[in-house]
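First up is the structure itself, then whatever we jot down about it.
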């Protein structure tokens, strides 16, 4: 077996692998969160509707108990009364049950969101393998489930003990209460038990939600070889290449928007190329390029320069020579020092002339560009 196939999966899962897992229905779900939420919301709803339920059930029980001896000897009448009682109960309970199912469905969306994958609901015969079952039985996940079960049982036991201790006298007094009040009291006690249990189980959910996320990401970890292969495949994807180019263009344009206003001069050719030059004695010993571009980018550099009242000079051969020979933040070649120095001097003289502090500068000459730098 090769070394690559035996190395540990120590690398974090890539976003591509997480997305593939999600499409396969592998989400970080927390049953504890759903259970806690259902108990809490169901308990509150049950407490809210307790007066309505108690009144309905007391009337139902009173009506069913008002049977005479002859009615009990008539099977068809008994069946009719039973069917009527069941229908009445369904009319009251079905909306409440549907509400609880809706709550359970909504709670199931957190965390992870909604996704339906047929593959996830298909039977997996590999789960019937006894060896796989033994491995799962002694896995870290099983240990975590055991700890959660112990914690849940402890919380439920404490909740029941607290409820019984607080309402013990009322539970015994229910036998002496009127029927409607007895039912209402029982429903309120049950509702409070659900609310307290749901609230306490949120402690378990608070531990389970991050654990499920951690366990899923750990399960999706990749080996170094898998990371290399996925990176290689991603680079070959036309969509990824296009996205990378788009991001690079956006970053380049953002950088250009920020730096061009700081240039001393922008030279162009006259529409296809543009180079923004800067000379700062505190930074470098020679002028350097702070932005450059062709076509659309060149026009954008020219627009930014004019917006900030920078000089834009048409020097075609020099512009092309600097564009192809010099990278951004790089000093211009020594062979072009004289030409660029002449341009910077021209800019200073032009500014002085416009401010009334000197005469108009001479027109720019045709600069001699070395053959090796011509484009």
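We count from 1, first residue shown onward.
Each residue, glycine too, has its Cβ placed from N, Cα and C.
According to TrEMBL, the feature transmembrane segment maps to residues 146-169, out of the candidate ranges 146-169, 218-241, 242-265. Of the listed segments 60-81, 82-103, 104-125, TrEMBL assigns transmembrane segment to 104-125. Confidence annotation: the coiled coil (217-257) carries a mean pLDDT of 74 in the model.
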